[in-house]
Amino acid sequence: MRRSDAAPEGSGTHGPLARRLTVLSGPSGVGKSTVVAEIRRSHPEVWLSVSVTTRPPRPGETHGVQYYFVDDAGFDRLVDEGELLEWAEFAGNRYGTPRRPVEERLARGEPVLLEIDLQGARQVRRAMPEALLVFLAPPSWDELVRRLTGRGTEPPDVVERRLAAARVELAAEKEFDVTLVNTSVQDVCDELLTLMAVH
Ligand code: 5GP
């Protein structure tokens, strides 16, 4: 379900290339990575940026697929060398988007999708105002709490931190161009692909 319309074509400082950049953001637990996994499965031609993180892998996660897993020193090095397009600290870990692969694809006019947190979305907004920012919202707050606590992959203090971050993130919805409400993964994927002009 779409709750608001994207900025009209031609408004703002649109560059035709960076317009191919779409940012998917929204509170932790809302289902961003499920949406991304479904797009990866159904539309392998859509390139998804693989972030770098200092968080340890969850069961089933593979280095280079969901994330590049690095230690603190490795992350520091990437920041110092200007290799990250944006980065943020989230619930005690750091996450960032490698700059070069994104810029290469945009230069070729290919669609690029980033799945990042609110702080990262704001950095992209500043660096590339023509990017399309999409907010993934939960059907309700209770549903978000249920998803975050039911995941069972994080200890209670981490879940608490993620819920606190979610409250802040939900309040930022109006900063985004479009809101998609995650009532169905398939519907969200379809709407996202339409927004990205992939189909
Ligand atoms: P998780 O640990 O659940 O995989 O991700 C935690 C949060 O970090 C999510 O909100 C996710 O969107 C965000 N995230 C993942 N990669 C990046 C990144 O490269 N940059 C930023 N700013 N946030 C990211």
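Any Cβ shown, glycine's included, is placed from N, Cα and C.
The feature ATP binding site is assigned by TrEMBL to G26, P27, S28, G29, V30, G31, K32, S33. Note on P27 (ATP binding site): other Cβ atoms within 10 Å of its Cβ, all shown chains, come to 28. For the recorded site, P27 (ATP binding site), the DSSP three-state label reads coil.
The domain 'Guanylate kinase-like' feature in TrEMBL is assigned to 19-197.
Residues or ranges marked as region 'Disordered' by TrEMBL: 1-30.
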| message | Taking ligand 1 as the reference and 6 angstroms as the Cβ limit (strictly under), which binding-site residues among S28, G29, G31 are close? | response | S28
| task | Pick the one among the binding-site residues G26, G29, G31 whose Cβ has the fewest other Cβ atoms within 10 Å in this structure. | result | G31
| query | Can you tell which of the binding-site residues (S28, V30, K32, S33) has the fewest other C-beta atoms within 10 angstroms of its C-beta? | reply | S33
